[in-house]
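Following: one structure in structure tokens, then a few remarks.
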Amino acid sequence: MQAVTGEEMGAVDRYVIETLGYPGAMLMENAGRAVTERLLHYYHTGERFLILIGSGNNGGDGFVIARTLKDAKREVHVCLIPPEEKFKGDAKLHKNLYENAGYTWTSYDPIYFQKADIVIDALLGTGISGDIREPYSNVIEAITNAEKTVVSVDLPSGIPGDETTVPEGSLQADRTITLQQPKLSYYTYPARDYYGETEVVPIGIPPTAFEHTVKTKRNVWSASETANHWQPWAASSHKGNHGKVGIIAGSETMPGAAAIAAGAAVKSGAGLTTIATPQSVIPMVAAHVPEATYFPRENEISSFYENKDGIAVGPGTGFDTDGPEILTELIENFEGPLVVDADGLHQLAEMLDRVRARKHPLIITPHPGEMAALIGSSPRDVNSRRFEVAASFAQEHGIYVVLKGPYTLVATPEGEIWINDSGNAGLAKGGSGDVLTGIVLAFVTKTNNIQPAISSAVYMHGYTADYLLERGVPMETMNAMEMIQALPNSFREIR
Ligand SMILES: NC(=O)C1=CN([C@@H]2O[C@H](COP(=O)(O)OP(=O)(O)OC[C@H]3O[C@@H](n4cnc5c(N)ncnc54)[C@H](OP(=O)(O)O)[C@@H]3O)[C@@H](O)[C@H]2O)[C@@H](O)CC1
Ligand SMILES: [K+]
């Protein structure tokens, strides 16, 4: 499913109306009806509705919802926020239809909250810009104080469709019924927290409208996409078919990172896993990953990567002395997919020219802090424009960027974005990134279709955390080794 900004949704709207000839009022009718259908599904025991209507098309949807709920004999009170002369276009048309059906409204008065169970927020939709102005800020405050169940139409009033700042005083919804496509803000924080339970309802806009108008592709990657791209093992296969992966990881102070990344690769289908780590660290790591073979990192690195199908570099390497040299060599000479994570990323900022010149897939897996270091800004800045940062960095350097966080983003060299929708905050701790690196490496090594492999790996990683959570493992205690042990369950359930 494609996520769009408010501006893009507006462009789609114009295209559908002006080029395809769909009447705007028909889309508004579809939108309002779709919302009413969901309301009747959730609230069927005589709840009383208060519908608050703003001056734009979000308010127009509100009139359709009001009319169709009243047609269904539900108790509904309708309040208009602006004076009635403000309504124009399709919203005005639907106001007229509402009135012609014999239904009435009043001007806004907070007294009506008393007789309502459910407040329908049809105040502001994707047309919002900047801080919330009066009278809407006042109305939103009153909704909050009324402590009723709030259902927002399209998006909670105040919240922008894109990833710009959430205005102060935005409405906290209990439920949001989003029209046609998820909006970008749903996948960003803090906006996501305002949406409450969210679902997307179709309003009859054909896919061609998106193909013609929305240039930036941002799609959600979920269980079905992962299952569709699954690479089945043939019964006749042998270990050489499943990828010879090399992992350059671990150091005297961080041996665990090597064990975790390699353990995850082994459990994710890598045929042969070899770990390059300092000689002194090998016995410790080997005790945890007996399936792997070992390579002392002090040796000539070319003999390590020459026969590999995929390499990951960075987890716990420390990389103070030999790091730049190893990375440079891999970027310039290794011809398979190269995954750079953690300590490998710290060196990468100095090598971006080489990165751009590389002909083979390069995948980086930064958290917001590492991403910030790469672009010379702050984690806060990265988090305020995750989509933009991931897409532009990937495109500019011709690489795949896995920008970690809630809704991890996978950006391709073409600037497309895939939004992961699995995972929970139990992943926000040390070791979790090393697990991801191992899964990504195992998956990308077996295919030329890099993005689906990365997205599937990211999905499996999050899914495994969700699986643990569902089975009673608290987020606080969830750890990397449990994740690795739970991977077989995820494999069984997803493919
Ligand atoms: N796309 C589609 O295909 C379809 C879209 N549909 C629906 O249309 C919605 C988008 O409608 P839209 O563009 O009319 O904008 P919308 O959000 O209702 O509000 C605009 C008004 O808000 C106001 N306003 C703005 N900023 C403000 C602020 N900071 N603080 C306070 N007020 C502010 C400003 O009012 P003014 O200041 O002029 O009084 C402006 O006129 C979309 O979310 C969906 O619900 C469906 O009907 C069917 C098909
Ligand atoms: K709204």
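In case you wondered, yes, glycine gets a Cβ from its N, Cα and C as well.
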* To do: Name the one residue among Gly376, Gly431, Gly433 that TrEMBL lists for the same AMP site as Lys404, Gly405, Pro406, Tyr407, Thr408.
  => Gly433
* To do: Pick the one from Asp90, Asp121, Asp193 that TrEMBL also lists for the K(+) site with Asn58, Ser157.
  => Asp121
* Other CB atoms within 10 A, centred on Tyr407 (AMP binding site) -> 21
* **Three-state secondary structure, which DSSP defines for Gly60 ((6S)-NADPHX binding site)** => helix
* Structure fact -> Rounded to a whole number of Å, the separation of the Cα atoms of Asp121 (K(+) binding site) and Lys404 (AMP binding site) comes to 33
* Please check each of the binding-site residues Asp121, Thr126, Gly405 and report the ones with a CB atom less than 6 Å from an atom of ligand 2, ordered along the sequence. => Asp121
* List, in sequence order, the residues of the same chain other than Lys404, Gly405, Pro406, Tyr407, Thr408, Gly433 whose Cβ lies within 8 Å of the centroid of the Cβ atoms of the recorded AMP site. => His367, Leu403, Leu409, Asn420, Gly423, Leu427
